């Protein structure tokens, strides 16, 4: 009984601790998923800004932002659920895992592209020229128009005038004259004459830009997307680990508290009568004689003479019943079992 009460008291003390651990895990899960969602939005924003900066440079750094953002959104919803918490958190962990892989790949691709294929030295030296859209129209009209002057000669002359503003003396030859589009930032120092492969390692033209300063912005956006993908990589791993430890935790149900509260009156109710009945039975005199109603109904079969060996003086003082209630030799066996309390003399037996 003592042990059961101690166990009930220890279980009552452990309920606030379990609820505190559950709330602490839930709070940590929400914190990391919200942080991952913010990083995912930044990755998506920077990646879209970088990939829409130019037409011929494609950036894939925004794909991890979409996957990680969706996984973190599922994690926030699953952390606030009770019934379907495990299913939502498992789906969130799966999406976050794919987002971590995508962030790792995109960080490598964008970092290598920004380091090897974008050279800012000609831009800082003002050796790149921006060709507006009007120059492209004039060049196309010159090339496609038919006149007495041969198209090649007129095209070379107009393109040479346009290229002279770029300060590219090697482009004055006919074989090395490029076709420059409108809204293009062209860097002649990075262009290999007559070779389509850029051995110098950089893009020599950037199409559909507003100015050559957009190339510098593109370079910074690529490195920003690379850094954010690395941050999303490690934060996604941490978030998946936190959600994996939280998905199997359940809050303490109210039914457990009710069962613990009902255990106290049950123990006190059954414990006290047992002790009272034990003391009353063994330490108090009996309220009824150890004879049944059958003995009193058939009292005529008993002899009226007192038992042998007892005098008249001892008869009133004896705690035994009256001699008229004694059994005779021809009487049937007794109905009640011959049990006598301790410290009391049993009645004599007469054959």
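Positions of Cβ are set from backbone N, Cα and C atoms, glycine also.
The transmembrane segment feature in Swiss-Prot is assigned to 30-50 (among others). With a cut-off of 8 Å between Cβ atoms, the residues of this chain six or more beyond the transmembrane segment (30-50) that come close are 59-66, 68-69, 71-73, 75-76, 79-80, 92, 96, 99, 103, 110, 218, 221-222, 224-225, 228-229, 231-232, 235-236, 238-239, 242-243.
Long-range neighbours of the transmembrane segment (57-77) within the same chain, counting only residues 6 or more positions beyond its ends whose Cβ lies under 8 Å from a Cβ of the stretch, are 29-30, 33-34, 36-37, 39-48, 50-51, 88-89, 91-96, 98-100, 102-103, 106-107, 109-110, 113, 203, 206, 218, 221-222, 225-226, 228-229, 232, 236, 239, 243. Here Swiss-Prot flags 57-77 (among others) as transmembrane segment, drawing on sequence analysis.
The transmembrane segment feature in Swiss-Prot is assigned to 89-109 (among others); the stated evidence is sequence analysis.
Through the fold, the transmembrane segment (226-246) approaches residues 25-26, 28-29, 32-33, 35-36, 39-40, 42-43, 46, 61, 64-65, 68, 71-72, 75, 78-79, 89, 92-93, 96-97, 99-100, 103-104, 106-107, 110-111, 114 of its own chain, all at least 6 residues removed from its boundaries and within a Cβ separation under 8 Å. Residues annotated as transmembrane segment in Swiss-Prot: 226-246 (among others).
The region 'Disordered' annotation in Swiss-Prot covers 302-331.
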